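> This is the structure I have questions about; it appears just below.
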Amino acid sequence: MLFELGVLAAFGAMVCWGFGDFFIQKSTRQSGDVESLAFIGIIGSVMLLPFVLLDLHLLFSVENLLFLSFIGIVTLFVALLDFEALKEGKLSVIEIVFEVELPITVILGLVFFAETLSTQQAALVLLILAGIGLLSLGAISKQHYFKRFEKGVMLAVIGAIGMAFLNFLTAAGSRQVSPAMAVWVPYLVFTIICLFLIWRREGFPKLVKNAKTYKLVILGMGVFDTLAWLLFAFAVLEEELAVTIAIIECYPAVGLVLGVLINREKVRKHQVAGAAIALAACISLGLLL
């Protein structure tokens, strides 16, 4: 087999996250951040139910329940930051800035999971980061240095740092409990919190109305985002976290294509070059395994 199953799961997560963020950007602009996260949680909780039925007994462990619930709270805050960044900025650019999570996740994997990277793997990870650097910059000019960064980039950077810790926690939950439970329980937790916030703020009529009006966008967002997390959780069982996340972080290339072809976003030559470099390095990394 050209690619191992864990690597294939990682590539699947990469594609799903690219499409998922495309739909998330549309949904946040149509319905709002909290509402979009609630839709994802509702769809994902139902989708994942068949995968967790045989593992429900694992929740009788207080340690497992508290740990997975904590992941759900972290997911809530990180997702809202990421959603706001997607709502404000260009999909083709914000997707790339999210790549800041890559080096942090790699470091967490090396330190806490005692993982190792070969010289070739480390070089490819650095090459991915180089591509990210090109993509995160707007017009390259000697003037207005501090204005080079695109709108929404700072929010994306903060969200990406949080996402790195969420990646680590999800990997730990997948190995400690089970891949499906590491996604399903956090989904339940942040869904309940989101629905409570919506109820206190404006009630459910608007949520129901948006669900009917934007049903295709909401369905695409929920399905792709849930599949991405599930595939990621399974991938980290087969492969090291550092390598898995490096492969998955190619998903901005999908966002770049969708942003340009569908949203008619304009990107510059050095940003296209950055996407090509990052994608080539990710594929090469997968072939090394």
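Note: Cβ is positioned from N, Cα and C throughout, glycine not excepted.
As the structure is a computational prediction, the values presented were derived from the model and not from experiment.
Not my notes, these are from TrEMBL:
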type     : residues : note
DOMAIN   : 5-136    : domain 'EamA'
TRANSMEM : 6-24     : transmembrane segment
TRANSMEM : 36-59    : transmembrane segment
TRANSMEM : 65-81    : transmembrane segment
TRANSMEM : 93-114   : transmembrane segment
TRANSMEM : 120-140  : transmembrane segment
DOMAIN   : 151-284  : domain 'EamA'
TRANSMEM : 152-172  : transmembrane segment
TRANSMEM : 184-201  : transmembrane segment
TRANSMEM : 213-235  : transmembrane segment
TRANSMEM : 241-260  : transmembrane segment
TRANSMEM : 272-288  : transmembrane segment
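I'd like these features described in context: how deep, what's nearby, how far apart.
The residues of the domain 'EamA' (5-136), classed with DSSP into helix (H, G, I), strand (E, B) and coil, number 121 helix, 0 strand, 11 coil.
Packing against the transmembrane segment (65-81) from elsewhere in the chain are residues 33-34, 37, 40, 59, 155, 158-159, 162-163, 165-166, 169-170, 172-173, 176-177, 181-182, 185-190, 193-194: each is 6 or more residues past its ends and has a CB under 8 Å from a CB in it.
Listed by sequence, the residues of this chain that lie at least six past the ends of the transmembrane segment (152-172) yet keep a Cβ under 8 A from its Cβ atoms are 67, 70-71, 74-75, 77-78, 81-82, 84-90, 93-94, 97-102, 104-105, 108-109, 112-113, 136, 182-183, 186, 229, 232-233, 236, 241, 244-245.
Using a Cβ-Cβ cut-off under 8 Å and counting only residues 6 or more beyond its ends in the same chain, the transmembrane segment (213-235) has close neighbours at 6-7, 9-10, 12-13, 16-17, 19-20, 23-24, 26-27, 30-31, 36, 39-40, 42-44, 47-48, 51, 167, 170-171, 173-174, 179-180, 182-183, 187, 244, 248.
Same-chain residues lying 6+ beyond the ends of the transmembrane segment (241-260) with a Cβ under 8 Å from its Cβ atoms: 6-7, 10-11, 13-15, 17-19, 21-22, 90-92, 94-96, 98-99, 101-102, 105-106, 108-110, 113, 115, 117, 121, 124-125, 128, 132, 135, 167-168, 171, 232, 235, 266-267, 271-272, 275, 278-279, 282-283, 285-286, 289.
Long-range Cβ contacts of the transmembrane segment (272-288) within its own chain (Cβ-Cβ under 8 Å, at least 6 residues beyond either end) map to 2-3, 7, 10-11, 14, 96, 99, 118, 120-121, 124-125, 127-128, 130-136, 243, 246-247, 249-250, 252-253, 256.
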> Mean pLDDT, the domain 'EamA' (151-284)?
89
